[in-house]
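**Q** The structure's right below; bear with me while I get my questions together.
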Amino acid sequence: MFKLVKYELRANFLTIIGSCIVVIIANLLLMTQKGTWSSTAILALSGCLIIGSVIVIFIASLKIMSKYLHNDSGYLLFTLPQSGKSIITSRLITALIQISIIVIVSFFMSYLTVANKIDFSFLGDLKPGLILYSIVNYVWGIIYFLTIIYFCMVIGKIALKGKKLGKIGSFVIFIILSIVISWLSTKITILLPQNLNLSDFSINTANALNFGTTASESAFNINIAAAIFDIIIFIGLFMTSSCLIDKKLDLS
């Protein structure tokens, strides 16, 4: 599995490096405009760079999976002695690494661009609960979202023959599935409002759909029932995708 991760990182190496270089150069150019442009404009453009670079590397991650499913390179991958679980896991790990590299570089350069002086002392004021919450949300958000997309791509490939039809079908399936999952998650959150507060690991019944008047009131809350539901959905989609790759995937 880790050989697959290494292979995929190499395959996407130029995209990662290219995105980082573009982000660095663009932010350096923004630095030269400090004092000429308003701080709001610089902040907005720097934010756009972050969003744009993440979207580029995210699309690149999806293109690799799409290429495996619809192009000749899929014959090599899916005929290797690797299980569907290993293939999906390697894709998720690779995408997480790629996106994380771009996010770290983008936010670091954005901070250097916007800040009047370099000062990382604020890191010492961050609460452990907030750090834990942010890391869990970040990793889980990427893995969960990509798992849904990969599932839809595999279903589209199997259910709909033809490269173009399969891609369009995958997109339609993704939209419908996302709406259904979001609706069910919202209903579960309303019916079972018990939350786990990661700042002190206490249980409360604050409305998770209402984020409160301040960040400290609800920033660390995770709805227990919704979290369990999301985990079940993740496992179900992951296992189904893996089984379909092993038993049903036709590369012809």
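A Cβ is built for glycine as well, from the same backbone N, Cα and C atoms used for every other residue.
Pasting the relevant annotations from TrEMBL:
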type     : residues : note
TRANSMEM : 12-31    : transmembrane segment
TRANSMEM : 37-60    : transmembrane segment
TRANSMEM : 92-111   : transmembrane segment
TRANSMEM : 131-156  : transmembrane segment
TRANSMEM : 168-192  : transmembrane segment
TRANSMEM : 224-245  : transmembrane segment
**Q** Among the recorded stretches 12-31, 37-60, 131-156, 168-192, which has the greatest number of Cβ pairs closer than 8 Å to the transmembrane segment (92-111)?
**A** 37-60
**Q** Same chain only, please: residues at least 6 beyond the ends of the transmembrane segment (37-60) with a C-beta under 8 Å from a C-beta of the stretch. Say none if there are none.
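**A** That would be 12, 15-16, 19, 22-23, 26-27, 30, 95, 98-99, 101-103, 105-107, 109-110, 113-114.
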**Q** For the transmembrane segment (12-31), could you work out the same-chain residues 6 or more beyond its ends whose Cβ comes under 8 Å from its Cβ atoms?
**A** 42, 45-46, 49-50, 53, 56-57, 60-61, 64, 94, 98, 101-102, 105-106, 109-110, 112-113
